[in-house]
Amino acid sequence: MSQPSLLVLYGSQTGTAQDTAQRIGRQAQRRRLQVNVLPLDHYNVASLISESLVVFVSSTAGQGDPPDNMKNFWKFVFRKSLPVGSLRNLDCSHFSLRHSDSWSTIFTHRFNFVAKKLQKRLLQLGANALLPVGLADDQHDLGADAVIDPWLDAFWEKVFSLYPSMAAVIPLREDEPLPPTYTFHFLDDVSEKTEDRLKIPTEQSVPSQSRPFPARLVSNCRVTDSSHFQDVRHIEFDISGSDIQFSAGDVVMMYPCNAPEDVQQFCELLRLDPGATFSLRATGSTAVPPRLPQPCSVRHLVEKHLDVAAVPRRSFFELLSTFATNEVEKEKLLEFSSAAGQDELHSYCNRPRRSALEVLADFPHTTAELKVDFLLDLFPEIQPRSFSIASSLLAHPQRLQILVAVVRYKTKMYKPRRGLCSNWFASLDPQAQGEVYVPLWVKKGSLKFPKEKDPPVIMVGPGTGLAPFRSAVQERIAEGKHDNVLFFGCRSESKDFFYRSEWEEKMEAGHLTLFTAFSRDQLLWDLIANRSACFYIAGNAKDMPSSVCDALKEVFQQEGGLSSEEAEQMLATMESTGRFQSETWS
């Protein structure tokens with residue numbers, strides 16, 4: 001049997017599954033296989049019947065949903081019209097990653113749900129699974145690598161048994177750099193095209209990730225007291241002329257930018273002129289990233305595309321090690337790249353949240369050897385951030401509002417750690433900077449509120465988890481739905497009671513019942529058991545959801561007289577019928 005070509009298809013929401021897919025692709029290249037690595041929605045799924053060897057890498061987004069860049073594939077492959085046996089010539093394997101927040105311990109059927117369901121469907125269509133699905137949890141102490149290393153060993157062993165001719169192929173050495181995905185061609189006396197970047201689209205099309213709408217920033221106001229430890233911003237955008245529509249529970253998406261001081265340091269470390277312009281050319285079949293203009297400036301590349309402020313993954317050190325000529329640096333980079341060195345890497349990078357930019361500064365000799373052509377292989381693209389919309393078009397026409405906590409915290413690193421997007425937001429000031437535009441688009445969120453007027457709605461939103469419920473309350477009141485119960489947790493009435501005057505106005509009108517502590521057991525039981533209320537949670541995913549669920553089950557037992565098992569089943573039934581919903585983030 002001749003050597004196979006390998007297709008690696010991935011669905012990734014935060015970039016972790018994409019990184020894993022690219023790692024598999026590099027391993028295939030070192031084994032001198034012809035390989036293609038693509039997002040699932042960039043692949044013509046009808047061609048799957050002619051493939052012989054495919055690896056699927058997927059993550060599970062939200063509460064068991066497929067990532068955005070595999071949703072079209074997902075819809076196609078689950079068509080009932082697809083004939084059984086249509087994939088009988090396909091050998092495949094599936095690796096799945098899941099961010100196991102506390103929801104995974106509450107509703108265990110959601111853990112790696114996408115991979116399990118897709119694998120079952122592929123088998124129904126006749127595909128042959130080479131291995132059981134690899135199920136990884138990126139919250140494991142050693143990350144997904146704790147599962148993927150042995151899984152990959154088993155995968156290649158299986159491939160070698162299917163294709164014995166591969167045993168005669170001499171693989172590339174691990175320290176030998178692979179060809180870059182792109183090459184940079186610097187241009188003289190050519191300026192970057194910027195005039196169309198923030199132009200309001202004239203054609204009628206709904207803004208999307210590929211065509212975001214440049215919304216004018218109307219206001220950016222701190223809503224916590226200046227003495228409060230947390231800086232929380234109420235941010236408003238003007239979306240006039242955008243054709244953007246949204247409902248309560250929807251989210252707005254946008255790409256953040258790196259801080260100017262990080263852009264400057266990066267260019268200094270790599271001895272790059274930020275004003276230089278270049279065109280980018282692919283060395284293989286991979287398309288040039290659509291968000292990069294052609295020609296493009298180095299400043300634009302670093303500011304808006306390369307995720308230099310992120311904590312680097314293992315793959316970063318693998319590639320960096322191939323450029324090392326200094327023996328001390330090379331030895332350390334190889335250790336961080338190895339399976340045995342993952343605990344050491346975790347201590348160096350993950351625990352203190354050390355950024356890729358700081359790693360470059362720690363390895364100056366290797367950084368000096370870096371070739372510009374490898375920048376897009378070394379640094380992942382900045383991922384879009386999502387925020388729950390905190391307003392309703394019925395209350396604020398042509399406006400979109402969000403509530404953002406500015407992330408700043410200390411680790412053992414000298415400089416405080418800063419969230420990329422929230423601190424970028426904090427730096428935007430239309431009063432001082434003149435008109436500021438932010439390209440954005442809207443997508444459906446995970447929360448769905450009842451269309452009917454009758455069911456009461458119970459909402460639990462501590463901190464910025466309040467955002468989607470402000471949108472819901474505004475929308476429901478405008479629609480004449482006044483059975484709204486809101487539980488909002490804050491530390492101080494005078495420092496972080498968001499939108500207090502607005503809530504008081506709605507309470508006086510009889511349109512809202514507000515509690516600042518989760519302790520109304522009899523009311524909760526009556527609304528849920530006797531009036532079929534819908535229950536919603538939004539906020540930090542770490543401990544809050546499980547704490548609320550435990551409290552809710554206790555209400556079922558104390559007020560409803562249910563056993564522990566019956567309370568557990570009641571909550572599970574509410575979740576499966578859509579009466580219990582959540583939107584959480586880490």
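Including glycine, each Cβ sits where the backbone N, Cα and C put it.
Per TrEMBL, the features are as follows:
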- 6-156: domain 'Flavodoxin-like' (DOMAIN)
- S12, Q13, T14, G15, T16, A17, S59, T60, A61, G62, D138: FMN binding site (BINDING)
- 210-450: domain 'FAD-binding FR-type' (DOMAIN)
- R353, R385, S386, F387, S388, G419, L420, C421, S422, W585: FAD binding site (BINDING)
- T464, S519, R520: NADP(+) binding site (BINDING)
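Shown here: features listed in TrEMBL, placed on the structure.
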| residue | record | CB count, 10 Å |
| --- | --- | --- |
| S12 | FMN binding site | 23 |
| T16 | FMN binding site | 22 |
| S59 | FMN binding site | 27 |
| R353 | FAD binding site | 16 |
| S386 | FAD binding site | 21 |
| S388 | FAD binding site | 27 |
| L420 | FAD binding site | 21 |
| S422 | FAD binding site | 20 |
| T464 | NADP(+) binding site | 24 |
| R520 | NADP(+) binding site | 16 |
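Note on proximity: of the binding-site residues S12, S59, R520, the one nearest S422 (FAD binding site) is S12, by Cα distance.
Annotation: S388 are the binding-site residues among S12, T14, T16, S59, S386, S388 whose CA atoms are within 10 angstroms of the CA of T464 (NADP(+) binding site). Of all the Cβ atoms in the protein chains shown, 16 others lie within 10 Å of the Cβ of T14 (FMN binding site). In this structure the residues listed as binding FAD are R353, R385, S386, F387, S388, G419, L420, C421, S422, W585; their two most distant Cα atoms lie 25 Å apart. Residues belonging to the domain 'Flavodoxin-like' (6-156) score a mean pLDDT of 85 in the model. Nearest to S388 (FAD binding site) in space, judged by Cα atoms and limited to the binding-site residues T14, T16, R520, is T14. Note: the CA-CA distance between T14 (FMN binding site) and S386 (FAD binding site) rounds to 11 Å. Here the C-alpha separation of T16 (FMN binding site) and S386 (FAD binding site) works out to 17 Å. Reported as a whole number, the C-alpha separation between L420 (FAD binding site) and R520 (NADP(+) binding site) equals 38 Å.
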